[in-house]
Amino acid sequence: MSSPKYLTGDKAAINEFIDKFDTFLFDCDGVLWSGDHVFDGVIDTIQMLHEKGKRTVFVTNNSTKSRQDYLKKLTALNIPATVEDVFGSAYSSAIYISRVLKQASQPKPKVFVIGEAGIETELASENVDFLGGTDPALRRDITPEDFKALADGTGLDPDVGLVLCGLDFHINYLKLSTAFAYLRTGATFMATNTDSTLPMNHSFFPGAGSVSSIPLANMVGGGKMPVACGKPSQAMMDAVEGKFQLDRARTCMVGDRLETDIKFGIDGRLGGTLAVLTGVMKKHDFEKEDAVTRPAFYVDKVSDLGVATD
Ligand SMILES: O=C(O)[C@H](O)[C@H](O)COP(=O)(O)O
């Protein structure tokens, strides 16, 4: 693996870098913002890319929000975008379940969800029947009656054939027990994404993988991992390519996490990958001898690209 090229402060190299691509796939958390704090210069940089005729697509593993929700956040933060520019792991999962698995025509068409409204909205947009998710009936302690009903199956919906788990800010023992009970009936095991942490407010919190899919994988055992539809899944890359008619050679992935964003771009054989150091990744992560993945380029922060307009 060749050494990543550091672009910060090198105007000629940055201009050459930008000219290599027509489309930039941007990760969100840790690249554009931390929580509701948009990093300095991000808005100007996105606008600069648009003025140069470049397309920007926001590809996020955060399944708590739908495309519309993300558009509201982008708009509130003054980042120029349309709903068509957003591609999240909730949407990626919903189209995989509806169009690849054709879940509606399966003997057990319903989906049990661990996650937030973003997943529910995207499943509904694909006419996939679901339960769980933000249902307030699940936001409580497990009872002896629950143990009995989950153990003998009377507490399960016989039409559930798939479990989809993502980031759930209301995770609890009852939800995990219910999901595990469905998996024990043979339900298909899927995850929107398996990120270990969520970058938020310039710190890190439990991510989707840590709160739902990895604990369930541990319960199921045998090394069985869920089909994940977020980065670095190439099911997501294929869907992004199809929707945006990408020329992969002229597309660059911009991200803050080696094992999701950069791996997504490399495995997808994109023309390039750009790492930014405002989120999860630190320079050492890809400079160390045993780094499994290395970006082609890196900058300290996204706004370092802004010198291209000077
Ligand atoms: O735990 C998660 O779901 C992820 O940390 C989070 O949502 C990542 O979002 P992204 O960086 O892909 O925008």
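Positions of Cβ are set from backbone N, Cα and C atoms, glycine also.
For the Mg(2+) site, TrEMBL gives Asp27, Asp29; the one candidate out of Asp247, Asp256, Asp267, Asp285 that the record lists there too is Asp256.
Apart from Asp27, Asp29, Asp256, the Mg(2+) site neighbourhood in this chain, defined by C-beta within 8 angstroms of the site C-beta centre, holds Cys28, Gly30, Val31, Leu32, Thr60, Pro199, Gly255, Arg257, Asp261, Val276, Gly279, Val280. Scoring each of the recorded positions (Asp27, Asp29, Asp256) by how many neighbouring Cβ atoms lie within 10 Å, the top position goes to Asp27.
Across the structure, Lys231 (substrate binding site) and Asp27 (active site, proton donor) are spaced 10 Å apart at their Cα atoms.
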